[in-house]
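What Swiss-Prot annotates here:
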- E90, D112, L114: Mg(2+) 1 binding site (BINDING)
- D112, D115, E283: Mg(2+) 2 binding site (BINDING)
- D115, G116, S117, S118, N211, K277: substrate binding site (BINDING)
Amino acid sequence: MSRVTLSRYLIEQTRSHNTPADLRFLIEVVARACKEISHAVSKGALGGVLGSMGTENVQGEVQKKLDVMSNEILLEANEWAGNLAGMASEEMDHPYQIPGRYPKGAYLLVFDPLDGSSNIDVNVSVGTIFSVLRCPSEYLNQNDTLREEAFLQPGTTQVAAGYAIYGPQTMLMLTLGNGVKGFTLDRELGSFVLTHDNISVPESTAEFAINMSNQRHWEAPVKRYVEELLAGKEGPLGKNYNMRWIASMVADVHRILTRGGVFMYPRDAREPEKPGKLRLMYEANPMSFIIEQAGGAATNGTQRILDIKPENLHQRVAVFLGSKQEVERITGYHAE
């Protein structure tokens with residue numbers, strides 16, 4: 001049986017689910033950019049790409065060389081193709097305007113070019129997260145500057161989302177709103193090949209991911225839930241749990257997609273004015289879309305993440321996602 005490449009899969013989606021051709025082309029361009037980023041990441045010190053730039057992004061985070069390089073790769077790959085009205089990135093304060101010499105399209109691309117980049121120098125898996133939105137018709141004028149408001153849509157309006165993980169293998173996980181597929185990069189073929197079909201997150205789990213060093217700063221519902229997990233078989237949940245924490249959202253979520261679990265990045269008391277650490281538009285929304293399409297759940301503790309109406313491009317949010325039973329349990333604790 002012949003292997004199904006990403007291109008073939010997308011063509012078949014156009015035939016069977018009426019996936020628009022311009023969306024198919026957009027996903028293929030993003031995938032090509034991810035292959036280029038994967039190559040740069042794999043070279044490491046040999047490519048002179050490790051270390052920091054000595055600059056900060058809009059989040060106040062020190063930019064790694066590969067952060068900036070990955071951002072440029074995604075911008076340059078997508079700006080000319082005619083599929084996009086604009087782009088937004090973790091690494092840029094404002095939306096990226098499609099240069100006037102190129103045609104504009106109907107979609108918006110939002111991305112974290114290199115999630116987990118603090119792990120680059122220690123050779124831990126990192127990745128690229130992306131979300132595709134339709135550009136509202138009122139912002140489609142070819143001559144106008146695209147405003148931030150065009151991007152401020154709830155996660156339910158996403159038409160596609162995915163992430164590439166750069167680890168022992170490079171994989172692309174993708175949803176077009178009808179389930180989640182996993183593609184592995186065949187370096188000899190030069191293509192992403194379908195290797196994981198109809199991915200499903202188990203409803204219950206015996207694993208959880210959270211940064212335990214922040215325990216003293218958590219809100220009461222989170223403390224209660226984690227204490228119950230740690231109590232094991234003798235505790236109220238009646239089974240033993242293992243903790244896993246990689247400190248790379250892509251790597252932690254990828255593990256949950258493949259074998260179940262719950263990922264938690266709660267708000268804490270150190271910065272009470274902030275609703276969380278992770279960014280809604282280009283981290284929480286695409287990952288929540290993927291997790292829900294795989295049968296899991298995602299909330300901020302009180303509300304479904306995909307229902308949140310963004311107030312700004314770099315809005316932060318608390319995140320609890322993964323196996324449905326566990327996410328519903330901790331959401332219930334927040335409601336008490």
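Even glycines carry a Cβ here, placed using N, Cα and C.
Rounded to a whole number, the distance between the Cα atoms of E283 (Mg(2+) 2 binding site) and G116 (substrate binding site) is 11 Å.
For the binding-site residues D112, L114, S117, N211, K277, the greatest number of Cβ atoms within 10 Å around a candidate Cβ is found at L114.
Note on proximity: among N211, K277, E283, the binding-site residues of the record, the Cα nearest L114 (Mg(2+) 1 binding site) is that of E283.
Within the group of binding-site residues (E90, D115, E283), the Cβ with the highest number of other Cβ atoms inside 10 Å belongs to D115. Here the candidates are the binding-site residues E90, D112, S117, S118, N211. The one whose C-alpha lies nearest to that of E283 (Mg(2+) 2 binding site) is D112. In the three-state DSSP classification, G116 (substrate binding site) falls within coil. The binding-site residues shown are E90, N211, K277; of these, the one with its CA atom nearest the CA of D115 (Mg(2+) 2 binding site) is E90. In this structure, the binding-site residues under consideration are G116, S118, and the one with the smallest number of other Cβ atoms within 10 Å of its Cβ is S118. DSSP assigns E283 (Mg(2+) 2 binding site) to a helical segment in the three-state reduction. It is 21 Å from the Cα atom of N211 (substrate binding site) to that of D112 (Mg(2+) 1 binding site). Listed in sequence order, the residues D67, S70, N71, S89, E91, F111, P113, D115, S117, T128, I129, Y282, E283 complete the 8 Å Cβ shell around the Mg(2+) 1 site centroid, once E90, D112, L114 themselves are left out.
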